[in-house]
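Per TrEMBL, the features are:
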type: TRANSMEM; residues: 6-27; note: transmembrane segment
type: TRANSMEM; residues: 39-66; note: transmembrane segment
type: TRANSMEM; residues: 78-100; note: transmembrane segment
type: TRANSMEM; residues: 121-138; note: transmembrane segment
type: TRANSMEM; residues: 150-167; note: transmembrane segment
type: TRANSMEM; residues: 179-196; note: transmembrane segment
type: TRANSMEM; residues: 233-252; note: transmembrane segment
type: TRANSMEM; residues: 259-277; note: transmembrane segment
type: TRANSMEM; residues: 305-326; note: transmembrane segment
type: TRANSMEM; residues: 403-422; note: transmembrane segment
type: TRANSMEM; residues: 434-455; note: transmembrane segment
type: TRANSMEM; residues: 461-478; note: transmembrane segment
Amino acid sequence: MNKKIATPLIVGLGLIMVLFVVIQMLTSGRNALGEFYKYLLPMAFFLGFAAPKLSLYVLAILAIYVDLGKKLLVVGENLFFTDLFFVLGTPSVLLLGACLSRSLRLFFNWNSPEVMLERKSFLLSIGVMFALSILVLARAGLSVESGKDLAVSVAYFGLLFLVPSVLRSRSEVFSYLRFLFIIMVPAAGYAIYHFLHGMNDFELTYYASGFSRNDIYVFNGEGVFGPFASQGALSSAMMAAAVLTVSAMVLSKSERRKLVGTPLALILILLFVTAAVMSLKRGPLLILPMSLALYFILRNRAGYVVMVFGGVASLAGLVFYGDWVAQQLPEWQRWLNSALSLTGDAEKNLFRIRTLNVRMVEFSSLADSRNWVPFGLLFGQGNEAYGYTLHAGVVSLVYRLGYIPLLVLAAVAVPLSWYLHGMYLEVYRDGKRLAAYCFCLGLALIIVPMLGFGVWRTFPVPYFLGLSFSIFWLLRYLPLNSPEALSVSEQEANEAILSKSYAQ
């Protein structure tokens, strides 16, 4: 078609489509913003399909601020639960379009040596998402809850394929992380605003509407959520951003300048940690120190063995002494309040330890052999069977899966963890510190919720979890001293070195 005719024709069709969407929004009798998101879904898919790299940047914005759009729905009228699905589904649909685009490109070049890393990443991503999907279905069955988990949690492990597919050099990884830091700054500022001035009217209206289960925290004076859906999501996201910023400080001087300079990094760390502390959610604050501790503990095989046996011993201690700890918590709380002279509500919330009572009771319940059944007391019954939400991930696995699936998981997890630790040792010994920190961040984002002190199913935690392991996987293959994309010869050389090290 003649270019002079095609351009105005495309523009004209676009204007007609926009006009149609606007008319539908205003005349449908439904929530106008919800209708906008409904039509945004296919647009997000086509954007992801047409521009996968651009969509990765857009995905970061949507993952961080998607809950803010959800709260704005109350500005309009006639709000329905389906409107929430349109909002929450937009990032996942965008990711789906981008992954589908790169997958088609990969399939047409499957045997080409130029796509070796993409081929491995695709198989890894599919395997991880398949395994997690089985766990989700075993936990919640075929339900709306399991569908939500698949869409907003498991789907983000598609980043294991998308990130290595579109970010082909260390410089591009630095650019993406720098962009992530930039968009996290307003989120941190908004959280501090919530702490100092409280929520805006539209947010209070949203939580009073009954469309959120976190209304109890808001109206009990603990509504420091920032742009996120809960305190746990805010604290976890800020701690994840702080860990990524810390990792920038251990890079070489030249690479540090490409990512973020030391003075700015210190300011960002202070900002992110402050926002996390002001959330008044204490558990996710463990993510930063745990990531730093794992970075040093996992430097050798001995550290790995000590960590595993220490973790098992600690869990056994919680099971057999959880009741005793729960009984001592009130006295410890009184001593802490007196020793620190805690008077303000915020101070008391920050240093409140009596809420550990629920976690301790959950762990101690595992000492009762009647709770250990082959396929779980709550197998396939969702997150709130009998009206109760289990906090500790370890306890939830026992109740919802049972010991037979757990034995199968253990049989897979033990050799897999040994293999993953071998991968960590390679990047650590090669001086790829950013990759090592991303690996430790991913582990911390898993371990903290397993102990009952964090969240992993709420935006944007699944995004950070998928991103951290994706960057680790990509940087494992990228040469440390080359800013350019990984060439085929370098890939083959790296593969030979890795194969040799495993053989040894």
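Keep in mind that glycine also has a Cβ here, set from the backbone N, Cα and C atoms.
Curation does not apply to TrEMBL; its annotations are automatic.
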Outside the transmembrane segment (233-252), six or more residues from its ends: residues with CB under 8 Å to it: 64, 67, 177, 180-181, 184, 187-188, 191, 224-226, 259-260, 262, 265-266, 268-269, 272-273, 275-276, 279, 281, 283-285, 287-288, 291-292, 433-434, 437-438, 440-441, 444-445, 448, 454-455, 458-461, 464, 468
Spatial neighbours of the transmembrane segment (259-277) far in sequence, C-beta under 8 Å, 6+ residues away: 174, 177-178, 181, 184-185, 187-189, 191-192, 226, 234-235, 238-239, 241-242, 245-246, 248-249, 251, 284-285, 288, 350
Considering the transmembrane segment (461-478), which listed stretch of 39-66, 179-196, 305-326, 403-422 counts the most C-beta pairs under 8 Å: 39-66
